[in-house]
Amino acid sequence: MAKVNTQCSQPSPTQLSIKNADRDLDHVENGLGRVSRLIISIRAWASRHLHDEDQTPDSFLDRFHGSELKEVSTRESNAQPNPGEQKPPDGGEGRKEEPIVVDPSSNIYYRWLTAIALPVFYNWCLLVCRACFDELQSEHLTLWLVLDYSADVLYVLDMLVRARTGFLEQGLMVRDTKRLWKHYTKTLHFKLDILSLIPTDLAYLKLGVNYPELRFNRLLKFSRLFEFFDRTETRTNYPNVFRIGNLVLYTLIIIHWNACIYFAISKFIGFGTDSWVYPNTSKPEYARLSRKYIYSLYWSTLTLTTIGETPPPVKDEEYLFVVIDFLVGILIFATIVGNVGSMISNMNAPRVEFQAKIDSVKQYMQFRKVTKDLETRVIRWFDYLWANRKTVDEKEVLKNLPDKLKAEIAINVHLDTLKKVRIFQDCEAGLLVELVLKLRPTVFSPGDYICKKGDIGREMYIIKEGKLAVVADDGVTQFVVLSDGSYFGEISILNIKGSKSGNRRTANIRSIGYSDLFCLSKDDLMEALTEYPDAKRALEEKGRQILMKDNLIDEDLVAARVDTRDVEEKVEYLESSLDILQTRFARLLAEYSASQMKLKQRLTRLESQMNRRCCGFSPDRENSEDASKTD
């Protein structure tokens, strides 16, 4: 039995070689598997690392976003598929495609407005011209047919876009296609769009293609052109120039239509039948198409602007048309004068306001007999402000915006500046919002001292543009030059305990040229810190560390100095107690005055009763009882 077991337990050389080969193959496969898994994991890690590097948010900016954005970003990062996973061909199970809805405030919608405004403008300019001038229609018939039906295609597409254009309801964009279609069909635009797409040009089959007036219903799409003008005026940086151009365009279109109607009336009455209508086309100089249109345009311009003499009308219909033209011309003239006058006033309003400030300062300096040198410096300072467009009062401009938008604009404008200050690097987002709203732009002239050694520090400054010099007491020797992005005075406004310099300036800083600085006052900082006590303590600790690093703090002063926070709290408590006492005293004084008044009235009544008794009058019983009660 043992022998059998021994024989069975000893494999043959062939079996051993096969097993060794299988074992080696398993080792190779396991090694390749581990290597492949390692390569896949390294590639996944590298892709995530590169993705994180590409989209690493600024930690300073991150503090201005709420937790909702962070949750969204976390969900998006968790939703990234693993390298080994395969997406289903339908894009994911249970995922429903959202319908395409156009946001009316998006750039895509504005670009579509630009595209649809072109065929509308084409129809308004050329349909009437082709209907009145036969040569223009017949000589370029193929071109007009292509343009007409291309415009019709855009009209149809515009109806589809309008049916998918979202609208706001309770502040949210409605994206339900059924509600969008229902909302669109209830508007006047839908009715006009339907009327503008009625295929009236099917009458071409019976009348011929030389009747473009059959397509006049395409003019009902004018609302798209007006909407394009309104949105362009809102988006452009030169609204006054655009308004003037828009007004000129409207005037030219009216003159163009009037010229075409004049030529059509002349054709109806008969060319050359009288002095008012267009001359006889049998003459070669009046037979050309260009001469026909230019002559009609010239007549229309003279009539509507009433600046020239035209041949007087002869027939009744001619008189009626000229009267209507005169009335339209008066309206055009009044509109142009009024609009251009208001636009010019709006364009010159900043200059007029700024010039009024300069004039008032000049009058004051002349009245106070200011030296010519100082007066010249003041005028140059004003010139610098105007030349560099620094005359805008930011608070006045932004006063109509809500606080949230004010904060976002301030963050967008001043965030890069505030990031450069060390003590504000790790502040709370709410405190940073408060601080950026309190930054005030300040401009210094050449040679102006921003601060001098020993002055009490009430502001800190951040250099936006310009150069400042740290000078010696003699005002000549320069130690260092501060440029864009530098800041100073941040420690003095914190009033840190134990500072060797206290809250006084330790250097003389002077402006070399014109310098633009941002100023943050101590009062504004403390007002913002009242709602953030933890941030206040953190700022003070950070300022104390900076002073200790520069060996500018005295530990003995820290130990000996009374805690200013306790003193401030006591002062605040005393102020509140004083307010309460004043209120109580005022109430007691009012009660005392009222009681005195009642007492005087009672004494007066008693005196009158005593006088009556002394004079022999017998008062009634009720009065005597009242007097006894009063006694």
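Every residue gets a Cβ built from N, Cα and C, even glycine.
Noted in Swiss-Prot for the protein shown:
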| type | residues | note |
| --- | --- | --- |
| COMPBIAS | 1-18 | compositional bias 'Polar residues' |
| REGION | 239-347 | region 'Ion conduction pathway' |
| REGION | 349-426 | region 'C-linker' |
| REGION | 429-549 | region 'Cyclic nucleotide-binding domain' |
| TOPO_DOM | 1-111 | topological domain 'Cytoplasmic' |
| TOPO_DOM | 134-139 | topological domain 'Extracellular' |
| TOPO_DOM | 161-187 | topological domain 'Cytoplasmic' |
| TOPO_DOM | 208-211 | topological domain 'Extracellular' |
| TOPO_DOM | 230-239 | topological domain 'Cytoplasmic' |
| TOPO_DOM | 263-288 | topological domain 'Extracellular' |
| TOPO_DOM | 345-631 | topological domain 'Cytoplasmic' |
> Which bits of the chain, at least 6 residues beyond where the topological domain 'Extracellular' (263-288) starts or stops, bring a Cβ under 8 A of a Cβ in it?
Replying inline: 131-133, 295-296, 310-315, 317-318, 321
> If you run through the region 'Ion conduction pathway' (239-347) with DSSP, how many residues end up as helix, strand and coil?
Replying inline: 83 helix, 0 strand, 26 coil
>> Under 8 Å between C-beta atoms and at least six residues away from its ends: which parts of the chain pack against the topological domain 'Extracellular' (134-139)?
In response: 210, 212, 289
> What else in the chain is close to the topological domain 'Extracellular' (208-211), if you only count residues 6 or more beyond its ends and a Cβ gap under 8 Å?
Replying inline: 131, 134, 137-138, 141, 145
>> Cβ under 8 Å, sequence separation of at least 6 from the ends of the topological domain 'Cytoplasmic' (161-187): give me the contacting residues as numbers and ranges.
In response: 98-104, 109, 112, 193
>> For a three-state summary based on DSSP, what are the helix, strand and coil counts in the topological domain 'Extracellular' (208-211)?
In response: 0 helix, 0 strand, 4 coil
> So what pLDDT does the topological domain 'Cytoplasmic' (345-631) average out to?
Replying inline: 81
